[in-house]
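> Have a look at this one.
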């Protein structure tokens, strides 16, 4: 990575405005999944050890520029204190005189959590005045929120106009892993692209066709490709306006010598429920009033074999409706193949794929699970991320 990180700057006694991603799921004021808080710990601990005054900023939910009581970061600050084993202060605002007083009272190694930055309308507009207010609190800006790096907001990008800007350890790791995958991958390099819609994955498929040896597709988006081959797909998801594009992608794969894998059999159902009746049929035999909801057992074996023989696998998007038990086997099988593959480096591209490996208890068997769904997708499309571009070069 050619951007400066916290390892490249002197932090002792400095006020550090550190943008983290504490956007954790909450239920009735309780945190239901603290993965994102834990992911930020190495950076926070490093800043503390180096004697910085650590000012943490994050969003939580979508309050749309106003104060929403249940989206305050108070429970997050409390949990962070427990995880760090130290006293963590919490401000009621994200800038202003009261916050400046709290910062002025900080000693080296102290940690202060600011209030939800999206309580201010200027945050998502990347308002320069708000960015200046944030910058006034600190000497250095650290961006460790890879999950929000694709957003040009006041606390992720705008603030970098007024302070030296470096990455945290989590951001640095994300950029190193994803950057190497795209620029200098170990081969064979396989991408697994799933999820519901072709339109969400157009950019990533197009960009990866130039880089991968194998492209595997699954999930709802696969049926548009199946239809493009002239097969009937019953009531399965299909984007008719993307059929020509699907044909173009399959042709491009052929021209570039990329092995293009799509389902040969699928799990079909007549109803979406936990107790649904399912059948397994070949891909060209989906009846008119049935819907494809998962990849079938033959497909799972083929995909597992490709995975096993790959050196690098990037996975973005599930193979079926994994949230429901009868339609989860395909996604589980891909996760299992990655967990079992020896000598294969696995990169899970955030979002639903990350949720799936967590759900099936396979997370600790993956080499790298990205903390950013949208951010990792845009990175894999070859786009520049505003929260990265704004950091100082080495």
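Cβ from N, Cα, C; glycine included.
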> For the substrate site that Swiss-Prot describes with 21, 22, 23, 36, 59, 60, 61, 62, 151, which of these is also annotated: 79, 118, 187?
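Among the candidates, Swiss-Prot records only 118 at this substrate site.
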> Measure from the Cβ of residue 352 (ATP binding site) and count the other Cβ atoms within 10 Å, all protein chains considered.
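Other Cβ atoms found within 10 Å: 20.
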> If we count other C-beta atoms within 10 Å, could you say which of the binding-site residues 59, 118, 201 has the fewest?
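With the binding-site residues 59, 118, 201, fewest surrounding Cβ atoms within 10 Å: 201.
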> Which one is it, among the binding-site residues 201, 351, 353, that lies nearest to residue 59 (substrate binding site) by Cα separation?
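Smallest Cα separation from residue 59 (substrate binding site) among 201, 351, 353: 351.
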> Using DSSP and three states only, what is residue 292 (ATP binding site)?
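Once the DSSP labels are grouped into three classes, residue 292 (ATP binding site) ends up as strand.
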> Given the recorded positions 23, 183, 299, state which is nearest to residue 352 (ATP binding site) when distance is taken between Cα atoms.
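Minimum Cα distance from residue 352 (ATP binding site) across 23, 183, 299 lands on 23.
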